[in-house]
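Swiss-Prot has this to say about the protein:
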BINDING   Asp7, Asp8, Asp53, Asn55  Mg(2+) binding site
DOMAIN    2-120  domain 'Response regulatory'
MOD_RES   Asp53  4-aspartylphosphate
Amino acid sequence: MKLLVVDDSSTMRRIIKNTLSRLGYEDVLEAEHGVEAWEKLDANADTKVLITDWNMPEMNGLDLVKKVRSDSRFKEIPIIMITTEGGKAEVITALKAGVNNYIVKPFTPQVLKEKLEVVLGTND
């Protein structure tokens, strides 16, 4: 299963990718910002989950989510936002834009596992 991780921090991308690897997800694409993410998603339409940060240069995560949701190929792709923006207003804004689940940094691997299970419908 192909996943796309988007974060301007290479450290955060590595942490997320390592966590996903421990969970059995090996086919993980990476992007540094929304523009690069859109290019990778466009070239890899079989991507099953998008995990994105909010605050990034060039195109932020919220704008990326809106762009993804406006494309008929990706209307149903599960999107998890992982960000430091943890206020109630930010969560509501992200959910209204089309995010399926939301994680506030810092987070534990267990939280990412559970959020992935929820968006993929594999939770017990």
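Each residue, glycine too, has its Cβ placed from N, Cα and C.
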- prompt: Non-local Cβ contacts of Asp7 (Mg(2+) binding site) (under 8 Å, 6 or more apart, same chain)?
  reply: Arg13, Ile16, Glu32, Thr52, Asp53, Met56, Ile82
Field: Most Cβ neighbours inside 10 Å, all chains, among the binding-site residues Asp8, Asp53
entry: Asp53
- prompt: Which residues in the same chain, at least 6 apart in sequence, have a Cβ under 8 Å from the Cβ of Asn55 (Mg(2+) binding site)?
  reply: Asp8, Gly61, Thr83, Thr84, Glu85
Message: Quick check: which same-chain residues outside Asp7, Asp8, Asp53, Asn55 lie with their CB within 8 A of the centre of the Mg(2+) site CB atoms?
response: Val6, Ser9, Met12, His33, Thr52, Trp54, Met56, Asn60, Gly61, Thr83
- request: Please average pLDDT over the domain 'Response regulatory' (2-120) for the predicted structure.
  value: 95
